Amino acid sequence: MSAEKERDMLCFFINGKKVTEKNADPETMLLSFLREKLRLTGTKSGCGGGGCGACTVMVSRYQPATKTIMHFSANACLLPLCSLQGAAVTTVEGVGSTKSRIHPVQERIAKAHGSQCGFCTPGMVMSMYTLLRNKPQPSMEDITQHLAGNLCRCTGYRPIIDGCRTFCQEENCCQANGAGDCCLNGDKNDDEAEREKPRLFNKEEFLPLDPTQELIFPPELILMSESASPQSLTFQGERMRWVSPSSLQELLQLKTRNPAAPLVMGNTNIGPDIKFKGTVHPLIISPTRVMELFEVTQTPQGVWVGAGCSLSELQSLLEKLLLQSPQEKTELFRALIQQLGNLGSQQIRNVASLGGNIMSAFPNSDLNPVLAAGSCRVSVISNGGRREVPLDQNFFVSFGKTILKPEEILLSVFIPFSRKGEFVRAFRQAPRKESSFSTVTTGMRVFFSEGSRVVQDVSIYYGGMGPTTVSASKTCQAIISRRWDEETLSRAYDVLLEELVLPPSAPGGKVEFRRALTLSFLFKFNLEVLQRLRDMNVITDEVPEKMQPLPKEIQPSLQEFQHVSKSQSEQDPVGRPMMHRSALSQATGEAVYCDDIPTTDGELFLALVTSSRAKARITGLDVSEALQLPGVVDVITVKDIPGKKVREMCGYEEELLAESEVSCVGQLLCAVLADTRAHARRGAAAVKVGYEDLPEPIFTTEEAIEKSSFYEPLRSIERGNVTEAFKTVDQIHEGEFRMGGQEHFYMETQSMLVVPVGEETEFNVYVSSQYLSFTQDAIAETLGIPSNRVTCHIKRIGGAFGGKVFKTAILACITSVAAWKTNRAVRCVLERGEDMLITGGRHPVLAKYKAGFMQDGRIMAVDIQYFMNAGNAVDESILVVEKILLHFDNAYNFPNLRGRAAACRTNLPSNTAFRGFGVPQALMVLENMINDVAMALRRPADQIREMNMYEGPSITHYKFAFSPENLRRCWQECKEKCEFSARRNAAQEFNLQHRWRKRGMAIVPVKFGVAFAESFLNQAAALVHIYKDGSVLVSHGGTEMGQGLHTKMQQVASRELHIPASKIYISETSTNTVPNTSPSGASYGTDANGMAVKDACQILYQRLEPIRKKNPKGSWESWVMAAFLDKISLSVTGFYRGPDLYMDWEKMEGQPYAYFTFGVCCCEVELDCLTGDYRTVRTDIVADIGKSVNPSMDIGQGLGLFTLEELKFSPAGLLYTRGPSQYKIPGVCDVPLHFNVYLLSNSDNPHAIYSSKGIGEPVLFLGSTAFFAIKDAVSAARSDSGLFGPFSLNSPATPERICLACNSPLTQKIPASKPGSFTPWALNI
């Protein structure tokens, strides 16, 4: 190949259309090409690292050897454009559209209510579509496996699974379409009314799947594949060169000349390094067309697999060999298949190669320990010839490094057949069951001579126990040539403990857990080997316990809600499960989000520069190098702000851009403007900041308490006489509880576009915000202009959860300054990592509690102190403190109650509003205290809860009267529906029979106050226009962020105007149609905006009354035209004043809420005590939400906060967990296996529209039931070790915390590190 050859023409197809690209840049990923070059914005950018699935597309390739077409899903954010030569790409736009024909996948996800904010929906559609292209009648396991790499933050996955389940061949169950009662419930009921229970959707209405309607693979690409003599391809970018050789010889020459050049197959390793670490490779070699890398050769000893084979292809190959070979030969194959099923996501496995996985040499690799234990070897080639290298402890030399020379290429991998008497097993533990890097992983192999239990050979390798895959060779020596029995294994555990030591400050943390896992895995291997030896009649001993995997099959779910009244008009949609009004547009990719708005001429992109120190003086800000870079236009600093340079909240100021000092890592310093995203980000990386560290930064709550670092005011509230009550009780229990923070992880990151109109300092601002008026006011103050010059717009938000209010306004202010200074449109869209770094999240809480109670379980006195880590700015923390104290009684009537709460000022990024607004933290502490009381009394926790619950006419600790009747009804109905007593007994029986697996149950109530305690925020307005053709346009002050607010407003208008919902349209929320809006939050959006829309529509309908009387048989359209001709105004502003709520903290009384929403949840989990893994076996929820405006919107959200999501900060205050690879939100694998939701019937609420209740936030806390069920299971495990009574388990209940709390004999072997004797890898925030 000529070195001078500049660049080739790239040729591929997208959605059936040919694309040729002369200037393909190796750094351009398919995602940015689709969105920016082709304007195909249906494919979303959620994380940029292949971790969320929002950018999933289908790639199809022709295989000339087999003359077949292969379809596979892939992450467009990791697919280099240059790698697509000869491929056909299908995006969500190519699957179907509302303009032509929607595809059954799109229809079913939409109509099953599986699209809420909709940002994840195109990715879900593409994963499911690809599965159906390969397997038109999939199993439920196929579906869950293919959706495992797609994250959703809104739905809890249940409706998505329900919609996809309808494609299953075996799915003829009456529940598959959201039916009410079901044959699975046991009793057949012929009663007609029972059979006609309302359903969330009707499967019979769905379009059938017709494979003949799909796009055909372009014949041109087939001809190209079969006729072209392979040529090498070269693409030259701005900084990198990409060469794709066509032969092995050419590849060897390239690698010899450029030994440092990486080989890229799937780009799942090099891609993230380039994107997140800023790595630059002058040359990238892509050997995807070198056929020798894909050859598979079977020999009598095993199989040689080409290093270029994808992990999916490897899995398929091994599954085929499994069927063709006797079981004794496939031990290693089975272990590898098991690991492959959990390694990455389907999208990653489809592109990542076997060779790449080995050569990455990740310390916690899932495959390498198994390959090494299985005596695999690799064939490598260079200009010097071929050689075979064993995959053993010498192969992996250091982090990310192997023994191979730089110029050597891994050609193929030999995977041997196992021998008779040989057992191979693989085990892994990861923060999330699927699509997650392992914490610890292992491959173990043992070989016995026939009929003997004496070990001939043994091999044990671990990942996650050091910088490389490690061999437990000393442990193996302690086992070899000995009988496989308790004596040998006991010795082996002790040797292993000494052999695999981790320093207490080891990278990745979790040191005790990781060490415990090494023992647990060996113990599990022991049990499995004993079972096999017994099955083969080699031994006759009783095996201690047969190790079974946790259950994982998702069952059909049940949703029960009330029929609308028979007298209700068929046209009236209120109370019916109406599909989200944008669901179909979201499923086809047509729905427009902020960053989907087309770019304007001259538009600039803004990238932020943030502090790398937690507490320091800024000594210099050098932007000269940044300004020299290609495409960089300007840098915005604090000096450029023409108006107010700070935002005020609760009496404190927060700088927009830091001027002289920084107070956290991630604080905003300046912003770089450039012509493209890539140029702006490179410019931001080139800005040099000088610091002088300041002493004693504060990170933890304990440090803040010690130094009295609080935001004022500190709040307290008391009922009765707590001090005196403690003197009269039978028992007192004191405890401490921690609850970690949480990242919002809205699927759409912070996004905004500021467009100068061009005259009189007027700006149009398109911003993904929950509170448009707040953003409008902030921008106006920052620019020193009146608010009437700033118009904020938003069509929809891709999730918010409280995180798009305060920080969004600050970011919009900075972006507006840039637009004002340059007089050009400026766009700012945060990367996932910087969004997580900058924007804060839920407040971590440390609480100290004291409970005084009687022997019969009555709790007479409660005293709780809450300390929450607010961060470096006050934000909304004082308001969160207040809400904590207004809710910390939850559902219980304690006669003597005292609460104190403080917001701690620390040097972490400031925390902010988050769904629940402090209530989940408040209730979690209280419910944990009640659990402790139950344990101290050795009584079931549900008895203690029920005994202390509000009953009859009640009054809260702030003197607000209410009726708890519906709370009690929810409690009783939940216990009945979930068969609590019978299942509780069954769980106890299960626990008696199993030592290492335990079941736990919990039932927990919630009482949640709805509306804003700040009374002025409860107002709302709406603007309704009727046009001459009878169509109606509704504008209101709420923002649509997945909660279905626009859909519910459409339902309200439909009822009040007596017209079909199809005549009503909601375009966007904007400050020029409805001014002075309130935030969309506090579960009050429907209550307030619904009343405003109702008010406007009622006025309009009354205006039409004279026209209707004149022509009672006329049509709606005729009445509207007649009114127009009669000069009757067809436009009205509706207004809702909202209730006058207040709270007097001096008197400790008030009415801060309009009403309470109640709910009760019962949860059952099954726990693996050896690893801390668990499965939610069943969840039942009964919620009192009044008369639901739309049951399909109100059923089913929220899990993860209490069991999975964990933020980690370095000792210097840097957030480690800055993306989906480090921070785990729930996936499909976390859905309760049985999930039943019941809306309480015959419930009225006179305080809200149509007797409904706010639901968005109240039910979130019910996810804590899984935590308490886990704690119940842990308690059963501890009792087997002779441990009884209250114990500490903090939230979230991660596998690490669960495993260590179980305190098994294996865990007890691990020596604890002495606090203070080392610097931990992560702070305990």
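Using the three backbone atoms N, Cα and C, a Cβ is placed for every residue, glycine included.
All annotation found in TrEMBL is predicted automatically rather than curated by experts.
Copied from TrEMBL, the annotated features are:
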DOMAIN    8-95  domain '2Fe-2S ferredoxin-type'
BINDING   Cys47, Cys52, Cys55, Cys77  [2Fe-2S] cluster 1 binding site
BINDING   Cys117, Cys120, Cys152, Cys154  [2Fe-2S] cluster 2 binding site
DOMAIN    235-420  domain 'FAD-binding PCMH-type'
BINDING   263-270, 353-357, Asp366, Leu410, Arg428  FAD binding site
BINDING   Gln770, Phe801, Arg915, Ala1082  Mo-molybdopterin binding site
BINDING   Phe917  substrate binding site
ACT_SITE  Glu1257  active site, proton acceptor
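Across the domain '2Fe-2S ferredoxin-type' (8-95), the DSSP tally of helix, strand and coil residues reads 16 helix, 31 strand, 41 coil. Those residues of the chain, other than Cys47, Cys52, Cys55, Cys77, with a C-beta within 8 angstroms of the mean position of the [2Fe-2S] cluster 1 site C-beta atoms are Leu31, Lys44, Ser45, Gly46, Gly48, Gly49, Gly50, Gly51, Gly53, Ala54, Asn75, Ala76, Gly123, Arg832, Pro1220. Using CA atoms as reference points, the binding-site residues Cys117, Cys120, Phe801, Phe917 were checked against Leu410 (FAD binding site), and the closest is Cys120. For the Mo-molybdopterin site, the Cβ centre of Gln770, Phe801, Arg915, Ala1082 serves as reference, and the other residues of the chain with Cβ at most 8 Å from it are Ala800, Gly802, Gly803, Ala913, Phe914, Phe917, Ser1080, Gly1081, Gly1256, Glu1257.
A straight line from the CA of Ser353 (FAD binding site) to the CA of Cys77 ([2Fe-2S] cluster 1 binding site) spans 17 Å.
Between Gly355 (FAD binding site) and Cys77 ([2Fe-2S] cluster 1 binding site), the C-alpha separation comes to 22 Å. Checked against Ala1082 (Mo-molybdopterin binding site), the binding-site residues Cys47, Asn267, Asn357 differ in C-alpha distance, with Cys47 being the nearest.
Looking just at the domain 'FAD-binding PCMH-type' (235-420), the mean pLDDT is 95. Comparing Cβ neighbour counts within 10 Å across the binding-site residues Phe801, Phe917, the minimum falls on Phe917.
Considering only the binding-site residues Cys152, Cys154, Met265, Arg915, no residue lies within 10 A of Cys55 ([2Fe-2S] cluster 1 binding site) on a C-alpha to C-alpha basis. Of the recorded residues, Cys117 ([2Fe-2S] cluster 2 binding site) and Phe801 (Mo-molybdopterin binding site) place their C-alpha atoms 11 Å from one another. Packing around Leu410 (FAD binding site) is summarised by its Cβ count: 23 other Cβ atoms lie within 10 angstroms of its Cβ, all protein chains included.
Less than 8 angstroms from the CB of Leu263 (FAD binding site) sit Lys255, Ile285, Ser286, Pro287, Gly355, Gly356, Met359, Ile409, each of them six or more residues away in the same chain. There are 27 other Cβ atoms within 10 Å of the Cβ belonging to Ser353 (FAD binding site).
Each residue in Ser115, Gln116, Gly118, Phe119, Thr121, Arg153, Thr155, Met747, Gly798, Gly799, Gly1042 lies on the same chain as Cys117, Cys120, Cys152, Cys154 and has a C-beta within 8 Å of the C-beta centroid of that [2Fe-2S] cluster 2 site, without being one of the site residues.
In this structure, the C-alpha atom of Gln770 (Mo-molybdopterin binding site) lies 15 angstrom from that of Glu1257 (active site, proton acceptor). Under 8 Å, Cβ to Cβ, and six or more positions away along its own chain, Cys152 ([2Fe-2S] cluster 2 binding site) finds Cys120, Met124, Ile160, Met747. Sequence-distant neighbours of Cys47 ([2Fe-2S] cluster 1 binding site) (same chain, 6+ apart, CB under 8 A from its CB) are Ala54, Cys77, Arg832, Gly1219, Pro1220.
Closest by Cα distance to Asn269 (FAD binding site), from the recorded positions Cys52, Phe801, Arg915, Phe917, Glu1257, is Cys52. Neighbour density around each Cβ, counted as other Cβ atoms within 10 Å, peaks among the binding-site residues Cys120, Cys154 at Cys120.
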